Amino acid sequence: MGVPRLFTCLQKPENASKLKDRTPLRQRISYSTGHIFNDLCSAVWFTYFIVYFNKVVGLSTTDTGLLFLIAQGADAILTPFMGIGCDRIVIKRFAPYGKRKSWHLCGTIFVAVAWPFIFSPCLACSEDSPKWLPLLYYSVTVVIFHVGWAGVQIAHLSLIPEIARRPGEIVELNAVRSGLTFVCGIFIYVVTWILLGQASEEGISPNLAKEFTQLSLIVVAIGFLFSFVFHWGTIEPATSATGKRKELTEEPLDEHSSDQSLCVEIVERDAPSHQPKTWRQWFKDPQFYAMGVVYTCSRITVNVSQSYFPFYLTETLHFQKEAIAYFPLVILVTGAISSVLVKRISKSLGTKWTFCLACTIVLGACAWFYLQTISGREGVYVAAFIMGCGNSVMLVTVLSMTADMIGIDKASGGFVYSVMGFLDKGFVGAVVLVIQTFYPDSPDGVICEQCGSYVRLVFTLTPGISAVISLVIVGLCFKSKLVLSCQPRIEKADQSTQTIPVECLADFYEKIAELPSSNV
């Protein structure tokens, strides 16, 4: 009786080859538009937030840094609570509409209301207003914005397993979502380029308030339009994805079913179910702290270089104001190309050495930016290209390393990512506040050589030091892992004659030999 059971194990069940119906095309297209509003806001936020409040609104450098820290802190604190609320709280009046779509709708309204007030003059302020009033006014608006932004982000992400009918569609929906983020970035930089090009001002000053307000209104109009498409075409299933998985796992298996095989018995005896790490166990793991430092430093490298690039272009190299639109566009495009190629590089080098390569590229770009002269400033295009490649590869690989660290502890993966996100947002906000605190004051419309020298230092040293810290920790604390798979490579034409490698069979027979004879 052993031979039939053996072949039952090695053969795929007939019903396993049956594919589920695909998610309707309308559902997939409409879902992909649900995060466009957030993506448009993010492109403006991380590139122009500091330069706008410092140069256009006229907040002091310290107040600008404090406002950025308040925004980052609100995001760090609100996101986990939004995740819990989106999973557990149902708004009764909107229950028939869909639990997650209701959260998405409320978040969209918050973003649409708050966003224009962020990038427009303070309505509650006047010439006689106290200095703290603008900071308070904009602090309220950015907190309201982040309440909505976090709600939209969490609700949209959590809908993926709900609407996807095939495992492959989860990857597809995420890929489309990432691709549209890239498109939104291009759109924002092109629109900014056009708006700034039409302005008569040579530099960035309070006279550009109208252009930034127009940009914010364009973002709201386009974002709200695509949000409407999302809510019109996306149908949230009444049964949650968790419930679906539970039904599948609890489905009884017939005793004589061909799906039942010796492989199941081997797993049950020799591979007991893994207990995921608790938060206490994670805090006792040294690699958890190392990963936290690497992840945070990577985000500091990317966000600081993105936020201070407009200052570097205008105050250090004396480019025209349009440069703050087309240079970030160069970084975005090169970063997108690099993110496509990083998978092949990672297969050859592994994530550890790919990350180290990215850190080296970033250091090379920082050195170029530091040594760049005004007379040869056109060479900064090459430096921007290099920085875009390094930043993109660094971000992709650090996420892969985090996933590798989590491994089979997927049940506690949410805790790990929430801690990483909290550290990232908190430290990035703190670093920006420190930079802004020591930023030299400059009169409006006057070229400040001291400011240009200061920006040259912070724009190159901050990302550079963060990259060095990441490089050292990854080089010393992380191991290169080479995973060998015994799954054979077969051509499509040879699938009907697929064979099993000798190594796999040997391992299989060893496990059989360890079992009592009654099980064979």
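Each residue, glycine too, has its Cβ placed from N, Cα and C.
What TrEMBL lists as transmembrane segment is 36-54, 66-91, 103-123, 135-155, 175-195, 215-235, 288-311, 323-342, 354-374, 380-403, 415-439, 454-478.
Between the transmembrane segment (288-311) and the transmembrane segment (135-155), the number of CB pairs under 8 angstroms, six or more residues apart, is fewer than three, so the stretches are not in contact. Simply put, out of 36-54, 135-155, 380-403, 36-54 has the most Cβ pairs sitting under 8 Å from the transmembrane segment (215-235). Tertiary proximity for the transmembrane segment (135-155) is limited to same-chain residues at least six positions away from its ends with a CB under 8 Å from its CB atoms, namely 34-35, 37-38, 41, 53, 57, 59, 63, 66-67, 70-71, 74-75, 78-79, 82-83, 86, 100-101, 103-104, 106-115, 117-118, 122-125. Most Cβ pairs under 8 Å with the transmembrane segment (354-374) belong to 380-403, among the candidate stretches 36-54, 66-91, 380-403, 415-439. Most Cβ pairs under 8 Å with the transmembrane segment (323-342) belong to 380-403, among the candidate stretches 36-54, 66-91, 175-195, 380-403, 415-439. Contact check: the transmembrane segment (175-195) against the transmembrane segment (36-54) gives at least three Cβ pairs closer than 8 Å, residues 6 or more apart, which meets the contact criterion. Among residues of the same chain six or more beyond the transmembrane segment (415-439), those with a C-beta under 8 A of the stretch's C-beta atoms are 50, 54, 61-62, 64-66, 68-73, 75-77, 79-80, 83, 279, 282, 288, 291-292, 295-296, 299-300, 303-304, 307-308, 402, 405-406, 451, 454, 458, 462.
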